[in-house]
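Straight from TrEMBL, the features:
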COILED    332-366  coiled coil
TRANSMEM  150-177  transmembrane segment
TRANSMEM  257-277  transmembrane segment
TRANSMEM  494-515  transmembrane segment
TRANSMEM  527-547  transmembrane segment
TRANSMEM  568-590  transmembrane segment
TRANSMEM  658-686  transmembrane segment
TRANSMEM  712-730  transmembrane segment
TRANSMEM  808-826  transmembrane segment
């Protein structure tokens, strides 16, 4: 973006002049700005420098002129340059870059301080000079503007990439050992660059006579191992069992200890990194002062506490300066859902009728148009349409215009009935002018669980009771993360819904395991890996549909639920199921369907297939390059450029999946650490590119997901990986065969056998055994815990070195598991018990000790992150601090839909900006078209839609409370500044 006053993408004075002379704001008011932003096309240099997306450059300079790509090309060429309502691809891409993609201010485009150099994120639709973020040069600290959790995610990827390279270097000894003839005499047959050469795959095999194996045929009776089991008749006329076993033994003491040192270094590095992240969270929190630093939530307010002044008076005694904002959320989910459905039906009808400014209040006119369109559509309906229409209708699609219009009218009547009810208060958000005010209030109102249940002030001061009620208060989440329609649900209801979706997730895991097993055994390993990567890619979308059934107070809680389910699916499918469904004797096999070969194919797929699936998002490609060129209205056009779906919880599960995969299979494939470091590096750059160039806007999230991931799942991955490694060394060499002891007579009568019948049905003409000494069956597929030889008695397959190695690993993983359970879960139990009789929030106590000596007191006594910045809330409004304004993010709508009266608040408290605010009129009027309270008139309305205060209605002061209440008390200095 150039620094000139009128850059090629900056809105000119023409658009502002047009807005100044508008009598009313139309539903398509953003078209004015986009008309200017869409002309003229930039050059290839600008695209290369990141001033616009490459896709936009190619479309505007080439694709849009091709009739097969853009059927509307002729219509566009005949339109005038200043035709604001004309549907053009340039407008769609301008909307994508200026409303969907994140942008930052250029230089001194804002009056706020520039805390990241030039990285101050602009709000959607900002008309000041802005530019796209640079994919290469945007620092990770600037990504905190998406929420501290996003910055934590990218910091985690960078750190884990470096850690894996470090521990991989320590594991070079094992890499060299597995590629040597000392481990596998036939290793030289591998190609030099074949990754499997550096793994525990064993090519050297030998036929042996096995005594007692005829009764254990089941261990070889699978597609993986049936070629290794055969029967023949010896020279004595007796049937003997022949087994083709591997000669390699990976459980050498030196190699096991190298892997232990690698794991120990990994644990130390991750622990240090977790400590660093906790400090980084504080630093990012201090650099990005936001509304949660000033706000608390009351989760159990009295049902009739509608008076914001009463709430302010109660909390003023804790404020170091004042209470600035109060939001009283109501239990009006039923009403809001009907209003949203009405808006969606209105949008569909407007698109079907192809008239943007239709007056839905004129029922006769709309009915006539609906009938005309319906008759026309009936004549055009094809045979395929008649065939598939019933199926689409069963899935909720394919409603006719008549049905949409009928539902629209019935929904309107239902809304009018709901407006006669009065909705209870479900939650209250109190925003203080200073951080200290919030912390003082939280500490003073810090009630125990017993006090909350009994509604009795045991340890609380009596002045802390509101109307004689013990308040359940806590730190608020980010304003954009509040789920306003879920605040009225009880913890029991939320828990039941979450449990149900968890059971469904377990069913999906079982189904996917069945499908993957079929792919692996019937087709091949590469298809198995591709199907697995595809399932890992699409499962977040199916899981999101399930989680939408759940109820959560905020997006952080929803993200945790989503995180658990996606992690369960990905961990099981990627790391655990592969190990479980592989027959024991095929662990070190060389065939493509054997375990190590499967993991190798999976790593290749994760390195290349997964990033490509994310980049070539099929749905987004279809939206932008097929449906957008064929859009007939601006509403349809903009809907094609809303960006791809993404979720922070889903991204963290991708990280922990790779971490678990690496630790579990490191004993078999020591090169895996370098492989996973490469995956983390590709994941970092691909996700950063998509965040800045493709993904849709998401709620600003705090540290909840990042902290939840590293506290529970990163540590769990290390523990599970350690236990898996212990079993790997305990069960090696995975042959189910042992040499006979000196006291046993295991001599085979022959060393050459003819016409050996294999278990797969084929016959081998001649088989020669390695010696005339037979072996015996011994069950290595036993799983004592801890996996130490002392737990199962004599283990005849182990040499002394393997016994010591197994003993060492077994007791270590037990100690690690006990430590994990004590530090993580015992701590939660202690917190739960302590919270029954004591409030757990502390501001001052032990803060220096906890800051110096780690996590224990931080977990037991939650404290605010960071020090008090001594910055007023009102000083950052519109830049880094936003208010708790009830709003709903509805798919298909460009901006959130407001659900409260905003006439008496500063509109900069709203987290998104309408670019077309008319400077000659009140700023709140620019948001009327996005406010649900005006959709259906009711007796409590203070004014009509798009009417300023001079045209206000008197309203009924005794009317029912049906919408949430927001009250703003700006400090005097802020009022003077506005004047």
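Backbone N, Cα and C define each Cβ position, glycine as well.
Mean predicted confidence for the coiled coil (332-366): the pLDDT average there is 85. In this chain, the transmembrane segment (568-590) lies apart from the transmembrane segment (150-177): fewer than three C-beta pairs between them fall below 8 angstroms, excluding pairs fewer than 6 positions apart.
The stretch with the most CB contacts under 8 Å to the transmembrane segment (712-730), chosen from 150-177, 257-277, 494-515, 527-547, 658-686, is 658-686. Of the candidate ranges 150-177, 527-547, 658-686, 150-177 contributes the most Cβ pairs within a distance under 8 Å of the transmembrane segment (257-277).
Within the chain carrying the transmembrane segment (527-547), a Cβ under 8 angstroms from the stretch's Cβ atoms is held by residues 501, 504-505, 508, 512, 515-516, 519-520, 558, 561-562, 565-566, 569-570, 573-574, 593, 598, 601-602, 604-606, 609-610, 613-614, 645, 647, 650, 654, 657, all 6 or more beyond its ends.
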